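What follows is a short report on a single structure.
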Amino acid sequence: MGGRNETKVMYFILLGFPTTAELQLLLFSTLLLVYLLTVLENFLIILIIRNNHSLQKPMYFFLGNLSFLEIWYVSVIEPKMIADVLSHDKRISFQGCMTQLYFFVTFVCTEYILLAVMAYDRFVAICKPLKYPLIMSHKFCAQLIAACWMCGLTTSSIKLSFIARLSYCDVDKINHYFCDISPLLNISCSDSSLAELVDFTLALMVIMVPLCTVVASYICIMFTVLKIPSSQGRQKAFSTCSSHLTVVILFYSTTLFTYAHPKLMYTYRANKLVSVLYTVVVPVLNPLIYCLRNKEVRFAMRKTFTCRSHTKEIS
């Protein structure tokens, strides 16, 4: 391709965000604060769910797993991104790039499926309340979580096996702040049509199957809730779904733009801006959405911190 040298590349250079020297420290501080806040929020949710017997339900079991997933999800991307803001050396080794890509795709795919599982849980709770304890047993919930991770790991392994075998010319610059699929496809020297087809097919399956599950679940929930005679009952039923539905809309809408279009439609600037939404903004908002919109979580949080402060006073 254009006489480019197809030697095996040893590392990539992540261009990240072009900023002035004056804005570098501000950007670094903001990103570091958001990352620490995201980890702390999700850790607190896990702690609250584990320490409160009232939250030992399938809904919160899945929420705890979502928080665990998001701690790793942001930790794959943000520390390197934050360090590169102030660093002049923005290199990442080929092996490091492939490792980052593997785990990031794993976590994204797992979250897609986990959000669909959470929608199914709400469907069973509202549409089949009498059968709910029988259907959503602890064993079945554990199997669903295992299936989410298995699908994520398998999808990521298949994608990476095609991308890692592509040829990259000399020292290539990636116009992104982390190793993502589309930037790597764009800088490849070899024919990437098969890798693009595999990536697009798997992305379509991982996105559309969970999305259809979410949509079908909420259509059934809507019809069931509308049959409830009292407005108070309808409001209570909808309130148990509102936080999850908000998170689904935020995550699916931002990632659909990036992972459901072909390479030729790829726009670096637009993709980087949207990527910031689902790698930085959405993860820090998710715990807040679940805490602010869920009465049980808010009550458990107050109870946890009240008990801890009371224990300290006694001791």
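Yeah, the Cβs are placed from backbone N, Cα and C, and that goes for glycine too.
If you look up TrEMBL, you'll see 41-290 marked as domain 'G-protein coupled receptors family 1 profile'.
Below 8 angstroms of C-beta separation, residues 17, 19, 55, 63-64, 67-68, 70-71, 74-75, 78-79, 81-82, 85-86, 280, 283-284, 286-288, 290-291, 297, 300-301, 304 of the same chain, each at least six residues beyond the ends of the transmembrane segment (25-48), sit close to that stretch. Look at TrEMBL and you will find 25-48 (among others) tagged as transmembrane segment.
Marked as transmembrane segment by TrEMBL: 60-77 (among others).
Residues or ranges marked as transmembrane segment by TrEMBL: 101-120 (among others).
The transmembrane segment annotation in TrEMBL covers 140-158 (among others).
Positions annotated as transmembrane segment by TrEMBL: 200-226 (among others).
Sequence-remote contacts of a segment are chain residues at least 6 beyond its ends whose Cβ falls under 8 Å from one of its Cβ atoms, and for the transmembrane segment (238-261) they are 59, 108, 111-112, 115, 118-119, 122, 125-126, 180-182, 200, 203-204, 207, 211, 214, 218, 221, 225, 270-271, 274-275, 277-278, 282, 285-286, 289-290, 293-295. As annotated by TrEMBL, transmembrane segment applies to 238-261 (among others).
If you look up TrEMBL, you'll see 273-292 (among others) marked as transmembrane segment. Within the chain, the transmembrane segment (273-292) has long-range Cβ neighbours (under 8 A, six or more residues past its boundaries) at 31, 34-35, 37-38, 41-42, 44-45, 63, 66-67, 70, 73-74, 77-78, 176-178, 180, 243, 246-247, 250-251, 254-255, 257-258, 298, 301.
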